[in-house]
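Asker: What follows is a single structure, and I will ask about it in a moment.
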Amino acid sequence: MEKLMEQFLEQSAQAEESFYRVEEQRLQVEDRRRETEHARELHMLQMLAQMFAGISSARPVKSVLFFYVKTLLFVSSVFERYNSLGSSSHRAMDEEVFSLVKSVVPPLTSKKHKGQDGRIGIIGGCQDYTGAPYFAAISALKVGADLSHVFCTKDAATVIKSYSPELIVHPVLDSPNAVEEIEKWLPRLHSLVVGPGLGREDSLLKTTKEVIERSKARDIPIVIDADGLWLVTQQPSVIQGYQKGILTPNFMEFTRLFEALHHEPLNSSDHSRSVMQLSGAMGNLTLVLKGEQDLISDGSKVYSCSVEGSGRRCGGQGDLLSGSMGVLAHWLLPQHILAQYLMNPSVVAAFGACSLTRQCNSQAFQRHGRSTTTSDMIQEIGPAFRKLFET
Ligand SMILES: NC(=O)C1=CN([C@@H]2O[C@H](COP(=O)(O)OP(=O)(O)OC[C@H]3O[C@@H](n4cnc5c(N)ncnc54)[C@H](OP(=O)(O)O)[C@@H]3O)[C@@H](O)[C@H]2O)[C@@H](O)CC1
Ligand SMILES: Nc1ncnc2c1ncn2[C@@H]1O[C@H](COP(=O)(O)OP(=O)(O)OP(=O)(O)O)[C@@H](O)[C@H]1O
């Protein structure tokens with residue numbers, strides 16, 4: 001009897017194993033099919049965009065109109081397909097977003113000069129916090145930006161410079177003409193990350209508010225995190241409705257902001273709904289609620305990023321996230337007109353940066369376990385980026 005039982009258990013284990021093997025193969029085939037189909041669609045869209053740009057100046061109005069209608073029909077059919085993904089698996093969703101990010105990663109060619117792949121500005125760094133702006137700025141470089149500028153207080157500057165010769169550090173944030181000093185650089189910056197290590201001193205927040213206003217006037221993508229969110233909680237109008245703005249609150253920051261805008265306590269049982277509500281109240285700004293799953297919304301839909309990370313929650317991971325997001329926002333927002341038909345580019349930038357941060361966390365944890373720090377995660381940005389966006 002015992003022997004029979006043993007045989008039975010062994011056979012069921014084998015059957016189970018072979019079921020999972022077949023299932024795994026089926027999923028791989030399905031993944032490859034989707035990737036090929038997706039690459040074909042993107043390629044066609046790119047060709048259509050180029051053709052449209054080419055003919056709009058050369059052809060008579062009637063044929064331009066005909067072409068325009070055909071293009072719209074095609075794009076909307078792809079758009080429908082994307083929307084239908086709402087019901088498909090997380091993995092499929094991840095793959096679709098990764099493809100969009102892949103399509104905007106700038107090629108590494110010898111034809112470019114320094115700065116073309118991104119000049120990112122970080123507003124933050126004060127006496128108490130020097131690590132946060134460093135983490136954000138170095139992460140931007142490791143993702144692929146060419147230059148990272150940190151605008152911090154005088155006493156933080158030497159400390160930040162001493163962490164890394166890679167960064168350009170401006171000790172201007174607490175100077176009497178701080179806004180003008182920073183504004184001089186705005187025409188050269190592709191995106192701004194506001195808040196890491198900024199602190200909450202009134203005079204610094206006042207300067208920051210003015211810098212945000214002037215950056216909006218220049219249409220610069222702005223990621224707001226940490227103490228930048230403290231400012232937004234006091235004065236939501238500083239960023240409300242700005243479509244190139246992305247907010248990245250942790251749960252604490254989210255709760256403060258939600259309660260400031262809705263004048264009622266947060267109902268913590270339905271985070272997705274709250275994220276949609278808050279994004280709507282902020283004028284459909286892209287919002288990322290960080291946590292076990294990162295919830296991302298522009299008020300119309302909620303996307304959940306659950307790329308596997310680890311159980312290690314050392315400080316500074318949010319700074320890695322905001323710095324990376326600054327670069328992806330620059331790559332996605334201005335130039336990729338096609339992505340606008342498929343998905344909000346700010347949402348794609350947010351989703352891409354969340355995935356990357358979590359992947360870095362997972363890889364660093366595999367090496368360092370409990371002793372993982374944000375610096376270890378930063379070492380993983382290159383390999384994690386290649387794994388997600390370059391294979
Ligand atoms: N090396 C450096 O220089 C670094 C500097 N940093 C900089 O520090 C500045 C202040 O940022 P901050 O996040 O500490 O401030 P704030 O929002 O008041 O939170 C304080 C309290 O909120 C809670 N709490 C937090 N998260 C939560 C969650 N998910 N879910 C629930 N509760 C949560 C938690 O409360 P506790 O559990 O301790 O009671 C926590 O103590 C900012 O400039 C930032 O950039 C960091 O970037 C790290 C690396
Ligand atoms: N419980 C969790 N499980 C897995 N990943 C998480 C979890 N919480 C946060 N993360 C990841 O860490 C990233 C940073 O989130 P976190 O909540 O640590 O931000 P933060 O508090 O602003 O960080 P910082 O220490 O830089 O201020 C998130 O984008 C998410 O990818």
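Glycine is treated like the rest: Cβ placed from N, Cα and C.
Values in this document were obtained by computation on a predicted structure and should not be read as measured data.
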Asker: Just to be sure I read the record right: G197, N250, F251, M252, E253, F254, T255, R256 are listed as binding (6S)-NADPHX in TrEMBL. Which of D94, D117, D319 is listed for the same site?
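Answerer: For the (6S)-NADPHX site that includes G197, N250, F251, M252, E253, F254, T255, R256, TrEMBL also lists D319.
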Asker: Do you know which of the binding-site residues E253, T255, D294, C314, G316 end up with C-beta under 6 Å from ligand 2?
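Answerer: Near the molecule: D294, G316.
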Asker: List nothing but the largest Cα to Cα distance in Å, as a whole number, among the residues G197, N250, F251, M252, E253, F254, T255, R256, D319 that the record says bind (6S)-NADPHX.
Answerer: 20
Asker: Please state whether DSSP places E253 ((6S)-NADPHX binding site) in a helix, a strand or coil.
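Answerer: Going by the DSSP assignment, E253 ((6S)-NADPHX binding site) falls within a helical segment, counted as helix.
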Asker: Whole-number Å distance between the CA of G318 (ATP binding site) and the CA of F251 ((6S)-NADPHX binding site)?
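Answerer: Distance between the two Cα atoms comes out at 12 Å.
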Asker: Per DSSP, G316 (ATP binding site) is which: helix, strand or coil?
Answerer: coil
